Amino acid sequence: MADPKSSFLNVYSILKSELLQDPAFEFSTDSRQWVERMLDYNVPGGKLNRGLSVIDSYKLLKDGQELNDEEIFLASALGWCIEWLQAYFLVLDDIMDNSHTRRGHPCWFRVPKVGMIAPNDGVVLRNHIPRILKKHFRGKPYYVDLLDLFNEVEFQTASGQMIDLITTLEGEKDLSKYTLSLHRRIVQYKTAYYSFYLPVACALLMVGENLDNHTDVKNILVEMGTYFQVQDDYLDCFGAPETIGKIGTDIEDFKCSWLVVKALELSNEEQKKVLYENYGKPDPANVAKVKTLYNELNLEGAYADYESKSYEKLVTCIEGHPSKAVQGVLKSFWAKIYKRQK
């Protein structure tokens with residue numbers, strides 16, 4: 001039995017070669033080479049957690065029955081659609097954030113000769129998703145639901161990104177806007193729907209379920225996505241760069257991070273003044289003052305408290321779900337993220 005990741009990568013190669021021969025467009029050698037290089041650079045490079053989660057969830061929903069080759073292929077194809085969606089978001093996000101590196105390599109728009117061709121590449125990535133769905137799912141009873149699901153989640157993610165961008169607008173930096181409810185809204189829409197709900201929703205559609213009957217599952221997964229982002233915010237400041245694989249810049253970037261929101265909540269007037277004067281400034285001295293304040297306020301303790309409360313709440317919700325198979329899916333997600341260090 002090949003390991004799941006290499007079987008999954010084989011499906012990527014099949015989907016890529018189908019897209020490079022799409023009959024709707026007459027490729028020249030140059031354009032075919034461009035798209036192939038763009039795909040290889042942006043789609044398969046990450047941890048592939050979202051994509052692999054579709055297969056894991058589908059297996060659990062099938063109560064551990066052996067999947068046949070077609071079922072594995074289709075679940076993998078949907079997993080890749082999520083990875084394509086992620087690639088599309090990241091290519092465009094990196095331009096908006098003026099980022100330099102992604103997954104240890106230069107961002108796509110920083111690659112020589114790419115530059116501002118990257119926004120169009122993002123649009124191409126987005127348009128590959130319905131091409132894959134049409135080719136492999138058009139005859140399925142849940143085809144329209146799949147299209148609808150991807151469209152809805154993309155809309156939610158783009159809207160979350162918009163709230164994030166307009167909150168950190170240059171010249172309009174206002175810490176008083178930063179509240180737990182704003183943080184929650186950004187996270188829920190920008191991250192939780194596509195990273196946590198979408199893989200499970202794909203698997204539910206494949207086993208013939210109606211998503212309208214699973215709003216409880218959606219709510220639990222969005223809650224998990226929120227917890228995941230709070231962890232991310234915490235690790236950005238308190239995680240070891242060699243473990244998390246990046247140097248955190250949330251303080252410099254004036255991000256609506258859980259840490260700054262919590263700090264505002266716990267600060268007295270004097271401490272608030274330190275935040276207002278130093279948060280969002282690139283100078284290391286300003287950043288150091290914010291970090292010192294975070295330690296004074298014992299944000300590590302506040303995070304540990306948040307973590308244990310989230311654990312109790314989520315485990316209670318999961319164990320209250322009537323379906324053991326669905327519980328299995330939710331528990332497998334939870335096991336991947338609880339107490340992670342990176």
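In case you wondered, yes, glycine gets a Cβ from its N, Cα and C as well.
Record check: Swiss-Prot places LYS47, ARG50, GLN86 at the isopentenyl diphosphate site, and the matching candidate among ARG32, ARG37, ARG103 is ARG103. Take the binding-site residues LYS47, ARG50, ARG103: by the count of other Cβ atoms within 10 Å of each Cβ, the lowest one is LYS47.
In sequence order, THR157, GLY160, GLN161, ILE163, ASP164 are the residues of the chain that are 6 or more apart from LYS190 (dimethylallyl diphosphate binding site) and have a CB within less than 8 Å of its CB. Taking only the Cα positions, the spacing between ARG102 (dimethylallyl diphosphate binding site) and ARG50 (isopentenyl diphosphate binding site) is 17 angstrom. Apart from LYS47, ARG50, GLN86, ARG103, the residues listed for isopentenyl diphosphate, the same chain places the Cβ atoms of GLY45, GLY46, LEU48, ASN49, GLY51, GLU83 within 8 Å of the centroid of those Cβ atoms.
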